[in-house]
Amino acid sequence: MAKISPGKMRSLLKVYFIAGSTNCLEDPRVVLEEAIRGGITLFQYREKGEGCLDDHEKLELGKRLQRICRDNGIPFIVNDDIELALELNADGVHIGQEDEDASLVREQIGDKILGVSVHSLKEAEKAKLAGADYFGVGPIFPTETKKDTRDVRGTALIEELKDFEVPIVGIGGITAENASLVMEAGADGVSVITAISQADDVREAAAKLRGKIIHKWRVK
Ligand code: TZP
Ligand code: MG
């Protein structure tokens, strides 16, 4: 697989759904299927938080969610766990600043998609040099999902990173109501956990978010 082009990456980032078993109100497989029906463009398997699955169970759920993504043409990204990503032959990996060094991860994953969370211009420069395919920027708005986040920064960093030529996705407290602010600041897409995984109607929530994005920023 050749390295993803920035244009293709930008189109995949539009409605980026992130979830693991602890985020979902029902079977994560059902949630993912419904989210796909609603029009998500990319999925990240993030098995974290109190009561999350480990080892074999984490691998098994990953396989099942990856199968659903494959059957529906949605690329499957693994959060943090490089070993799991390689074992599953996932489409990519997303890492934070507390995880392994991005250059080392790039060496291990070859041409797979590499997403890196950045919180400053300096971190962004380093991630770009390491070969990041996209930046995750956040938390944009307050979030209950991740307790150890950096300070809420609004869209300021997205605006600063606009001319970096690396696709950008916003994260943290994003909903259908505030997604336009993230896009207007210059992001290529929005990534959400709660807005989709905890919705009464997952499909409708994903479709509503997609509707806000493609209203102005058409998915290619
Ligand atoms: N990184 C920064 S904020 C966040 C992560 C993983 C959580 C986003 O979750 P939500 O529920 O969409 O606010
Ligand atoms: Mg991490």
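Including glycine, each Cβ sits where the backbone N, Cα and C put it.
Feature list (source: TrEMBL):
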DOMAIN    15-196  domain 'Thiamine phosphate synthase/TenI'
BINDING   Q44, Y45, R46, E47, K48, N79, S117, K146  4-amino-2-methyl-5-(diphosphooxymethyl)pyrimidine binding site
BINDING   D80, D99  Mg(2+) binding site
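Separation of the C-alpha atoms of D80 (Mg(2+) binding site) and R46 (4-amino-2-methyl-5-(diphosphooxymethyl)pyrimidine binding site): 8 Å, rounded to the nearest whole number.
Among the binding-site residues E47, K48, N79, D80, K146, the residues whose Cβ lies under 6 Å from any atom of ligand 1 are, in sequence order, K146. For the 4-amino-2-methyl-5-(diphosphooxymethyl)pyrimidine site listed in the record, the two most distant Cα atoms among Q44, Y45, R46, E47, K48, N79, S117, K146 lie 17 Å apart. The CA atom of R46 (4-amino-2-methyl-5-(diphosphooxymethyl)pyrimidine binding site) is located 14 Å away from the CA atom of D99 (Mg(2+) binding site). Checking the binding-site residues D80, D99, S117 against ligand 2 with a 6 Å cutoff on the Cβ atom leaves D80, D99, in sequence order.
Counted over every protein chain shown, other Cβ atoms within 10 Å are most numerous around R46 among the binding-site residues R46, K48, K146. In the three-state DSSP reading, K48 (4-amino-2-methyl-5-(diphosphooxymethyl)pyrimidine binding site) counts as coil. Around E47 (4-amino-2-methyl-5-(diphosphooxymethyl)pyrimidine binding site), taking its Cβ as the centre, 24 other Cβ atoms fall within 10 Å, counting all chains. On the backbone, the CA of Y45 (4-amino-2-methyl-5-(diphosphooxymethyl)pyrimidine binding site) and the CA of D99 (Mg(2+) binding site) stand 16 Å apart.
Between the CA atoms of Q44 (4-amino-2-methyl-5-(diphosphooxymethyl)pyrimidine binding site) and D99 (Mg(2+) binding site) there is a gap of 16 Å, rounded to the nearest whole number. Here D99 (Mg(2+) binding site) is positioned 15 angstrom away from E47 (4-amino-2-methyl-5-(diphosphooxymethyl)pyrimidine binding site), judged by their C-alpha atoms. Between the alpha carbons (Cα) of D99 (Mg(2+) binding site) and N79 (4-amino-2-methyl-5-(diphosphooxymethyl)pyrimidine binding site) lies a span of roughly 10 Å. Sequence-distant neighbours of N79 (4-amino-2-methyl-5-(diphosphooxymethyl)pyrimidine binding site) (same chain, 6+ residues apart, CB-CB distance under 8 A): I18, G20, Q44, Y45, R46, E47, K48, V93, H94, I95.
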